[in-house]
Amino acid sequence: MTIPAFGLGTFRLKDDVVIASVKTALELGYRAVDTAQIYDNEAAVGQAIAESGVPRNELYITTKIWIENLSKDKLIPSLKESLKKLRTDYVDLTLIHWPSPGDAVSVEEFMQALLEAKKQGLTREIGISNFTIPLMEKAIAAVGADHIATNQIELSPYLQNRKVVDWAKAHGIHITSYMTLAYGKALKDEVIARIAVKHNATPVQVILAWAMGEGYSVIPSSTRRENLASNLLAQDLHLDAEDKNAIAALDCNDRLVSPEGLAPAWD
């Protein structure tokens, strides 16, 4: 099973707002939804999916295990709790949201617990998020690269994360990009704007098309129907070599997500 290239993010969306966003997205044809224990919206996402009437087997649902639930005695019970909230017997993908701060729980312990969850049928695939190269090495040592479906990382035109991407690719680990639009900063970029005009597209479509063209999955979020519909069209936009080179030149290692006490030592 391959991870869909395009999905719906739900970070920072809660209650009625996330219910409306998910229901609208599913109506428009989205089939992948990304949530997490710490987003505090799994129950709302579950409600939206249930009310949408879309058959479960058409959906690809991702959740993420929070750092408090990484130990082997907590991980599986916490995932079962997530499943209850999401109103499903299984998720398609479960990620370790952040590596354990200060290595409080070893990579080996939580990866093996996550693999056990997969063996129990609670999740179809497992993966990681915010993992550096040394952490990916440990994760592979714990469960084998074949079991690591993706590394979900911050990745935008301003933070192209080439080192991590190239290493992951060489080891068969797919990349999912979050914060692809750099909190909207990249939408104001002149280079992006020029490419958008050239293709009669929006800056958002250009950035999402660029990321998908690089082989990454994207999970943009929106609360507005027109934006959800417009974002979806990024799948039909194909950039040429000139466009790709222009965006490659925007990389300036501008990282926006690095919570103190949580972030690892970045590559």
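Quick reminder: no glycine exception, Cβ is built from N, Cα and C everywhere.
In Swiss-Prot this protein carries:
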ACT_SITE  Tyr39  active site, proton donor
BINDING   His97  substrate binding site
BINDING   179-231  NADP(+) binding site
- Please determine which of the binding-site residues listed here (Asn200, Ser221) has the lowest count of neighbouring CB atoms within 10 Å. Asn200
- Task: With a 10 Å radius around each C-beta, find which of these binding-site residues (Met179, Ala186, Ala193) has the fewest other C-beta atoms nearby.
- Result: Ala193
- Task: Could you tally the C-beta atoms, other than its own, that fall within 10 angstroms of the C-beta of Ile207 (NADP(+) binding site)?
- Result: 26
- Around the Cβ of His97 (substrate binding site), other Cβ atoms found within 10 Å total 21
- By Cα-Cα distance, the member of binding-site residues His97, Asn200, Ser221 nearest the residue listed as 'active site, proton donor': His97
- Message: Just to be sure I understand the packing, how many Cβ atoms besides its own are within 10 Å of the Cβ of Leu228 (NADP(+) binding site)?
- Response: 22
- Could you tell me the C-alpha distance between Ser221 (NADP(+) binding site) and His97 (substrate binding site) in angstrom, no decimals? 18
- Set of same-chain residues at least 6 away whose C-beta sits under 8 angstroms from Glu214 (NADP(+) binding site): Val165
- Query: In terms of DSSP three-state secondary structure, what is the assignment for Glu214 (NADP(+) binding site)?
  - Reply: coil
